[in-house]
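Novice: What TrEMBL records for this protein is below:
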- 622-785: domain 'SSD' (DOMAIN)
- 269-292: transmembrane segment (TRANSMEM)
- 354-373: transmembrane segment (TRANSMEM)
- 627-644: transmembrane segment (TRANSMEM)
- 656-678: transmembrane segment (TRANSMEM)
- 684-706: transmembrane segment (TRANSMEM)
- 760-785: transmembrane segment (TRANSMEM)
- 831-850: transmembrane segment (TRANSMEM)
- 1093-1112: transmembrane segment (TRANSMEM)
- 1118-1138: transmembrane segment (TRANSMEM)
- 1145-1168: transmembrane segment (TRANSMEM)
- 1188-1206: transmembrane segment (TRANSMEM)
- 1218-1241: transmembrane segment (TRANSMEM)
Amino acid sequence: SFAGFRVVNQLSVMFMNPLQGFGSHSVEAQHCVWYGECGESVKVPGKKYNCKYTGSPIPLQSEGYDLLTELCPGYDYGNRSLCCNVDQLRTLKGSLQLPLQFLSRCPACFFNLMNLFCELTCSPHQSQFMNATKVDNINVLEVQYYIGQTFSNAMYNACRDVQAPSSNVKALSLLCGKDAKDCNATNWIQYMFNIENGQTPFPIIPIFSDVPVSGYTPMNNKTYACTEGLEDGSGPCSCQDCTKACGPKPVPPPLPPPWTILGIDAMTVIMWISYIAFLLIFIGAVLGAWCYRKRTIMSEYGPILDSNNPLSLNSDNPDQVNASCCETLGERFENVLRLIFSSWGSFCVRHPSVVLLGSLILVVASSGGLVYMRITTDPVDLWSAPTSQARQEKDYFDSHFGPFFRTVQLIITSPLQINFTYSPYFGGSDVPFGAVLDKDILHQVLDLQLDIEGLVATYEGQNVTLKDLCLAPLAPYNNNCTILSVLNYFQNSHAVLDHSIGDDFFVYADFHSHFLYCVSAPASLNDTTLLHDPCLGTFGGPVFPWLALGGYDETNYNNATALVITFPLNNYLNDTVKLGKALAWEKEFISFMKNYKNPNLTVAFSAERSIEDELDRESNSDIRTIVISYAIMFIYISLALGHIHSFNRVDSKISLGIAGILIVLSSVASSLGIFSYFGIPLTLIVIEVIPFLVLAVGVDNIFIIVQTYQRDERMPQEELHQQIGRILGDVAPSMFLSSFSETVAFFLGALSNMPAVRTFSLFAGLAVFIDFLLQISCFVSLLGLDAKRQEGNRLDIICCVKLPEGQEAKTESFLFRFFKKVYAPFILKEWVRPIIVMFVGMLSFSIAVVNKVEIGLDQKLSMPDDSYVLDYFKNLTEYLHTGAPVYFVVEDGLNYSSPEGQNVVCGGVGCNNNSLVQQVYAASLISNYTTIAFTPSSWLDDYFDWVKPQSTCCRYYNNTGTFCNASVVNSSCVHCRPMTPSGKQRPEGDDFMRFLPMFLSDNPNVKCGKGGHAAYATAVDLHPNNTGVGATYFMTYHTILKESPDYIDALKMARILAENISQGCSLIYIFLLCSVFYVFYEQYLTIAYDTALNLSVSLASIFVVTTVLLGFELWSAVIVSLTIAMILVNMFGVMWLWNISLNAVSLVNLVMCCGISVEFCSHIVRAFSISVKKNRVERAEEALEVNTFFGITLTKFGGILILALSKSQIFQVFYFRMYLAIVLLGATHGLIFLPVLLSYIGPTVNKAKVFAANQRYAGTERERLLNY
């Protein structure tokens, strides 16, 4: 989604097909074929023919000596007798300006090219290799130029790799009339000499041969290879401009082979072996135990006489128990908790008004912070920590170069099947064209583009148009907006699109030929067809075909099946008014596009604000789904708490259920309010997930309290407040265990660097703990009031209505009786308990696939099902051929005025082989591995070419010292640097800073294509008063990135490259890397580690808290932690099966799963640990009576199913699927696996706790039941 504004730094590449050629007719050897300039060219106005002259060479006038030395130093000897005069030398210099600017990076290349033209223009031996085939009275109208094939090939080979830094392409793409890969020695020279290029005043026909032809000896002068230095001291070309100077092409390291055993995935094999080993051991242990029991004959008095039985009547001293130190400590700790909670429960029932009023005041005070609540919707703040590397790099980039541009983009396809073939008139193979390049379709697309340009939005009463916002790189000289569209090849004009040359019978040139030329030379000011229309965009920059077309193969742009139109808009960091205007215009654009209809066009579109808008709309549309989900859970809770047999019963608990729900919501509101006081912003994840979590935990505790009360018998002489206090003393330690474990786990989860996880953990930890506090205070008081209502025989809700007195026997609910009488005995039968092997099998499978869970977040999932952005994402993946831009940033501190500082960065002659530009260039050679697609644009290399004294680019007024543009004709304009050996060197010291601001303010034009204003105005951050260079960037592109793994890999490879550059360039002060998507995908580089750390810390905290709160029963804590760990690992198995990727959203759910799993496990383990039954099976059976099926399982199940109806795909995947998995895995482990595991290897009974229980219940009905 980043392809739109990726070219803003390439806008300066302007090309005027260079070279004015010159010609002659053949005469005898050692004579000229022309001399001087005569009449004006008929075909190319403004250009002149050379004068016919067949005499001997003439000595050059003295005013031409400097020019000759500059252009053709090989002729600067003797009396300088030549076949050209000063006017011809001046014309030659002017014609060579653009080749000079683009090819002089490689001295050998430019020397050979100058040789070609010096021989043509001035050679005293012209008649040996030139034949004037057409002349008139005074003018030479056409010549043949015999050129050695060896010379041609050598010249081409020296120039073929030279780069054009500002455009990320090879220079020959701009100088050959076609893409560099299609250019060769022959067609390059033919193009330069072709009158159709609009620059050559008359035809020059090159004839290539290494042997004499028709009496002519081809020009075959000495050439230099790009690896050779010149006699004037110029060094060999750089690796970037000369592949042969690079040595062998870098080879990417081989991909690590997959970890296999016997050709099968190693983890799968290991887990199969482990599982089979477990099965064998388990079966052996079960059979061994069975055989042992069969051989043991037990006395019928064994249970009575067995002094090891904690309930044995035969113990030595009934007043003491042989308990270990840990058991005693655990019992005392348990007793302290029981006494505290019992006293507190009794107080709450006796003083409900004090408790309720105090709780209400605290809740209101805490919730008051909601007035300061801020919701974060900015994706950068949601997914990237302020301290993360990518975020710091982005902030640095924004503060020095301005924020990334805003993008408005259309991807246009056509449902029409009208493929057609174009047959060039002047020969050549037929060219197939796709439907989107049909002229009628292009006219309709142009209408759409012009309509968008004309959109007017309103912001605070002011009209806002595209021109107010768009990127105009050449402003104020050219205020046209940058529009990256294939229609810019036709100047965004219907008339130019319809322009054709032909007669009544044939079309010689039309939009087909112009299109084919422009995709080869997008920066051309004049195509070589008969149209002579410019390709350069109206905004002054090229539109590269790989940005404006999609769905083509390789570089066959004519096969494109999609048109891409991109409007880059300026972005604003701290200007809310300008940002508001941009948002208003984008809103108008989106509204226009939603209503746009054209049967011939299918348009997918997106604006910078689209994703955030759709996220907001999604949140609002899902409110209904969430409300229904919670309503179902609320209704179930309200009805399930009571035993409703008829509507006139008083034992319903609807009002109590509603109160419990209000307590849950109050705890959530309090948590949000408290953190809002501290200025911590909320996220949508917090709002959507935390009520679900707290409801899960809170409902479970409510059910435990109420159902324990409903099943309890009041003791003799025991008052209501004492009974509820006693019940709270029994159950509150278990509630405290689960809630405190979850709170600690969540708060430790807040140590995460991921903002979404950290925020969720903070809010969740506090909400869970507040919920617990309200439940043991508010809810207990309300339970006491409800019990008094029930004892007073008053109706629920309408408590003022009192029914006639009647004896109501306590009854147990159907589900409770089912679990107690049927389910628990069944699941713990001898032949059923081996079901545990299924859970181990699930665990083994999950471990085997845990490393196969995909990392990332498919951006399509974040959008609603009916979002227009989904079509855009789909087309983006299907059609686009370029990736996001990447900026290599050198922080302030490098001295660019020194050769050492220049050499560690630049990519031209004399630069270090491991310089920044060279290393990025080398990486682009293996783009399939590095994901770096092109050579970087380098302001420094272009500046060196711009400032050369041979170039007309760098000039200033000698009377004022101000910059003089190359297009200005004024005698007071002088070259910046002298034509001396030192002047030809790179600028250093004061010279470097003197001319750099001029370069950065110079707009490219027909005489100087290297002006840096468009391409580099934002790339160089100058110090105040232009005293030095601060931070700078060098931009290139990633290869096409389609899925999350592609983006993650691109970031990873770019970081490796950046690290290599930093190590290789010791002078670079600080090296940064920046791309628009890095802040979103950086989290995935470490998410596996973050997940493991978060869940491990949470598990460790649960283990510690459980150990302490279970009375230092280490083995019980191990079993709780083991079960929770199994649930978490199984969650990864479900994620792999259900295609749920690992990202911040799923990590939040896993952290929540860790917390909810405590609810499924801790209550049962605690009930088992305090049970005084005689063996593990019976203790497990009793522990199952305190199960979570009533509370968390049934409550959540109904609510989760509704989430499947959500329009939001992220809800369906990350909430419905994961929540369902959490509840099902938690329930099965808590209700099946855990009781069975406890029946096998549960902790032994705590003798101190049993003794204390016997003492506590001595003389009561409970004692009779215990001893029964």
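Placement of Cβ uses the backbone N, Cα and C atoms for every residue, glycine included.
The model shown is predicted, which means the values in this text are computed figures rather than measured ones.
Situate these features within the shown structure.
Specialist: Residues 375, 377, 615, 619, 622, 626, 630, 633, 637, 640-641, 653, 656-657, 660-661, 663-665, 667-668, 671-672, 727-728, 731, 734-735, 738-739, 742, 756, 759-760, 763-764, 767-768, 771-772, 775, 779-780, 783, 1144-1145, 1148-1149, 1152, 1155-1156, 1159, 1163, 1186, 1188, 1190-1192, 1195-1196, 1199, 1215, 1219 of the same chain lie 6 or more positions beyond the ends of the transmembrane segment (684-706) yet place their CB under 8 Å from a CB of it.
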Novice: Residue list, the transmembrane segment (1118-1138) vs rest of chain: Cβ under 8 Å, 6 or more residues beyond ends.
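Specialist: Answer is 839, 842-843, 845-847, 849-850, 852-853, 1095, 1099, 1102-1103, 1106, 1146, 1150, 1153-1154, 1157-1158, 1160-1162, 1165, 1213, 1217-1218, 1221-1222, 1225-1226, 1229-1230, 1233-1234, 1237-1238, 1241-1243.
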Novice: The transmembrane segment (1218-1241): which same-chain residues, six or more beyond its ends, come within Cβ distance under 8 Å?
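Specialist: Counting only partners 6 or more residues beyond its ends, the transmembrane segment (1218-1241) has Cβ contacts under 8 Å with 692, 823-824, 827-828, 833, 835-836, 839, 1119, 1123, 1126-1127, 1130-1131, 1134-1135, 1138, 1140, 1146, 1149, 1152-1153, 1156-1157, 1159-1161, 1164-1165, 1168, 1176-1177, 1179-1181, 1183-1184, 1187-1189, 1192-1193, 1196-1197, 1200-1201, 1203.
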Novice: Rank 269-292, 354-373, 656-678, 1093-1112, 1145-1168 by Cβ pairs under 8 Å to the transmembrane segment (831-850) and hand me the top one.
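Specialist: Looking at each of 269-292, 354-373, 656-678, 1093-1112, 1145-1168 in turn, the most contacts to the transmembrane segment (831-850) are made by 269-292.
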Novice: Should the transmembrane segment (760-785) and the transmembrane segment (1093-1112) be scored as in contact, given a threshold of at least 3 Cβ pairs under 8 Å and pairs 6 or more apart?
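Specialist: Result for the transmembrane segment (760-785) with the transmembrane segment (1093-1112) is no.
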Novice: So what's near the transmembrane segment (1093-1112) in sequence-distant terms, Cβ-Cβ under 8 Å and 6+ beyond its ends?
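Specialist: Distal contacts: 326-327, 329-331, 333-334, 337, 733, 736-737, 740-741, 744-746, 748-749, 751-752, 757, 1118, 1120-1121, 1124-1125, 1128, 1147, 1150-1151, 1154-1155, 1158, 1162, 1165-1166, 1169, 1246, 1249.
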